[in-house]
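Report on the following structure.
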């Protein structure tokens, strides 16, 4: 396995084949990170993109995803509430907008927006956000129909978020209340109605590096434009509460391989970045070019500023708005 040759092939515009991707498990980590950074610079430039989310509906989810605090199947003591009113959403939205965050997403627990009044509520919220902010608006509402996705697009949503979470092979070990194809079909429906798609997964569910690579190729085949990388934070009360954390080198290796497989995407550092400990900068110099900043109804201005300082130190130029 010749890493230099693989890197040059990718820089020349050729795809990394899955067999070579599997072999990268044994590549020297520093060289792998350098290759990923070079590929990111070639295909994405030095621009960095931030997004923020708000959990507009919490708890009582019918699905049994083993990592999730919001599943009704587990006793996690998570907060439970229905769709928040716009008046509770706008303060966080304004903080993010003023801080220069590019993207803002409403996220709701549950398999999908199956109550008609929930759909109408979020549509009205999006219309108001569109008129009051400069955000690229995103939505994350689970498994929904093409008709609902079209309605969301009409209300101002530009990107739909729906993770694959892991590989097709490993998925049944994580969730049994819906299928991998349910998720893929939702992504295809979003693309069909003209939405961009943000889809990634969680590292540290018990999967292998091969599973992560398989997921990356699923995402590549779907042609998603943004790929969030979450690192499991075990939640007390879930079946994964005692999961052993991934070592930092394993996380960094996985991120770098994702970049080599997916040269053009926003590779987005998302939940659980604290698992990287003191190596966040290494991840930023190893393939990452976007991130989630802030948190639900917290003062996000300082967080966004500290994150912007961090990416500037890594040589990125922060840009509030640019094409996918």
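Every residue gets a Cβ built from N, Cα and C, even glycine.
Among the candidates 40, 268, 273, the residue that Swiss-Prot names alongside 105, 138, 198 for the [2Fe-2S] cluster site is 268. Here the domain 'Radical SAM core' (43-273) has a mean pLDDT of 96 out of 100.
Listed in sequence order, the residues of the same chain lying 6 or more apart from residue 65 ([4Fe-4S] cluster binding site) and placing their CB within less than 8 Å of its CB are 71, 165, 174, 175.
Sequence-distant neighbours of residue 198 ([2Fe-2S] cluster binding site): residues of the same chain at least 6 apart with a C-beta under 8 Å from its C-beta are 138, 159, 160, 161, 162, 224, 225, 226, 227, 228, 266, 268. Long-range C-beta contacts of residue 105 ([2Fe-2S] cluster binding site), restricted to its own chain and to partners at least six residues apart, with a cutoff below 8 Å, comprise 51, 52, 53, 54, 137, 138, 139, 140, 159, 161. The [2Fe-2S] cluster site is set by 105, 138, 198, 268; from the centre of their CB atoms, other residues of the chain with a CB within 8 Å are 51, 53, 103, 140, 159, 161, 226, 228, 292.
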